[in-house]
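Structure record follows, encoded as structure tokens.
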Amino acid sequence: MSWLPKSPKARRRLMLVAAIAPVLAVAAGLTLWGLSDSISFFYTPSQAEAARPAPGRSIQLGGLVAAGSVVKHPDGRVEFTVADQDAEDRVLFQGDLPDLFREGQGVVAIGAFREDGVFEAKRVLAKHDERYMPREVSKALKEQGEWYGDGQRPEHQGDAL
């Protein structure tokens, strides 16, 4: 075998690398597989519509709670709509909503889409105060021109000041 190193020391080193490499590859693969359940991507309703995450895949859905969309059922279920400028998604949640949850406020729902396109949330996070919004939500809303925080005012085309 002419491609093997001639020195016994170099051959041992090559054999050691050849033995360790598959073990490290398997360890890395198992680590990534184990973490796959805890990885959750953030989407706004319009991004979720474009990306169409697989039903059952855990994601974070963020946007504003649409006015007039909150429906509380006697069995503890809550239905509401999370919206951005271009799209909206119906959300179902079983449990107690955060105290600061209300219409027109930023929210992040953690859960998955069902086969019928309804988002089933396992957790719902709301804003802390009037100035706070989760970084992902504020970034996405700023990109769409819908969020006006930090003293900004809406810019309307054709305004004469």
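These residue numbers are counts, starting from 1, taken along the chain as shown.
Each residue, glycine too, has its Cβ placed from N, Cα and C.
Per Swiss-Prot, topological domain 'Cytoplasmic' is recorded for 1-13. Under the heading transmembrane segment, Swiss-Prot lists 14-34, citing sequence analysis as support. Positions annotated as topological domain 'Periplasmic' by Swiss-Prot, on the basis of sequence analysis: 35-161. Summarising the annotation, Swiss-Prot assigns heme binding site to H128, Y132 and lists sequence analysis as the type of evidence.
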The topological domain 'Cytoplasmic' (1-13), counted residue by residue under DSSP: helix, strand, coil: 6 helix, 0 strand, 7 coil
Within the predicted model, mean pLDDT of the topological domain 'Cytoplasmic' (1-13): 83
